[in-house]
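This report refers to the structure that appears directly beneath it.
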Amino acid sequence: DVVESEEHYKSRWRSIWIMYLTMFLSSVGFSIVIMSVWPYLQKIDPTADGSFLGWIIASYSIGQMVSSPVFGLWSNYRPRREPLVVSTAISVAANCLYAYVHIPHSHNKYYMLTARALVGFGAGNVAVVRSYISGATSLKERTSAMANTSACQAVGFILGPVFQTCFTLIGEEGITWKLIDLQLNMYTAPVLFGALLGIVNIILIFAIFREHRVDDMGRQCKSVNSEGEESGVQDQDAEGDVDHVAVVAINFLFFVVLFVFAVFETIATPLTMDMYSWTRKEAVFYNGIILIVVGIESVSVFMVVKILAKKTGERAMLHGGLLIVLVGFFILLPWGKKLPNIQWQEIKNNSIPRTTYTEMVMPFWSWQLPANHTAEPVGCPIMQSWCLNTPMIYLAQYLSSDILIGLGYPVCHVMSYTLYSKILGPKPQGTYMGWLTASGSGARILGPVFVSQVYTHLGPRWAFSLICGVVVASLLLLEIVYKRLIAFSVRYGRMQE
């Protein structure tokens, strides 16, 4: 056995920290423009409508879903620096393209769609990041490292809109660099900042990142990705087959976790407008505050879960997280007798434009105030027939649900990745991590589609009942495969659980 040297230990953790940074920048690349996509789209191409906006938002997840298995497979056979640099370079180029989508004389919206899809394609390096961290940590280190990775991802999602807000000080016009036809304004500055961060990330990958691998006990091992720069013993514990039943189960559970969270994010604004007669501006403002608080709560949970998992184990933590999410959505079911305000009762002036079905299910960044600046109609739209017979969801229910989902989601997220990496064991995990990332991307695409259809046509009772049913099915699946969700080394008797 080769004992890990202090120099190897420091180099290994420096490389892991570079992976944390890569994960952070990947999530910033998604969220840094999310609040300004719609006004920028309207500015560069007036022919774009709300449905096209939906495709632009979804294109990021579609790109990531396609690229994750590709980059993961690449990282199994070649030095991980290659897919990391290439994927980050694609994101940098895509951000630069986004800054120039105003230049063409036509079809600008398709250039924006392409830019966002390529940013998502570059974000497929998440699979490479997760697979590297899995191979570069021992079983004792794994949960903590995965929690830190998820925390960096969450912080990126939180800080992205903050960066966007700071760049609004530049204004819509900003300044123009005529030599290269570059408009630096509140829409282009965030993506150019993201491109700059990507370039810094590439430099750090070349300067600091090194291939390292340890076995489940923490002993230094040779890596197939190292190109001879890594020393150590060959890992004899790689013999044996991966439990594919457990692999498929975790993929399904992870899909459900991200699916229900995507539903939670999507439903927040239309639900509060329907139930509490909030205006668009109020709904965006109040839910923005709530999501920031939930984000901070999630980051705190990521830190605490590292300690709790050592005492209870990852399977028990995943079980508890799913139960908390179930309670969170169960609380959202309408139980009272009071009905929400109906929108037509609030309209005093027939000239006020009525909010249409399409507007109600659009993402909040696509909504516009009425052009005539008269009072905005508020309440539950009469075209949603369930508004006439479904009790309202009280604000206390909604806030309690936010707190519980903000608590359960990060637990499930971290435990899914941790258990998955331990089940896969010492074999190259790139392709498997690619499929897990693709599962999450698919969930983020289908979640908003599901909730926009079921909620609008059938109401919150059906929408949240179906979500509860999906989570219950996940809990049953977890019970069935519970004993199989063990580390590769434990399964083959090389370590005790």
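Every residue gets a Cβ built from N, Cα and C, even glycine.
Per TrEMBL, the range carrying the annotation transmembrane segment out of 356-374, 432-450 is 432-450. In summary, the transmembrane segment (52-72) lies against the transmembrane segment (432-450): three or more C-beta pairs, each 6 or more positions apart in sequence, are under 8 Å. The stretches the transmembrane segment (17-40) and the transmembrane segment (113-133) meet in space: the count of Cβ pairs below 8 angstroms, excluding pairs fewer than 6 apart in sequence, reaches at least three. Here the transmembrane segment (432-450) has long-range neighbours at 54, 58, 61-62, 64-66, 68-73, 120, 124, 126-128, 130-131, 134, 242, 247, 250-252, 254-263, 266, 363, 416-417, 420-421, 424, meaning same-chain residues at least 6 beyond its ends whose C-beta is under 8 angstroms from one of its own.
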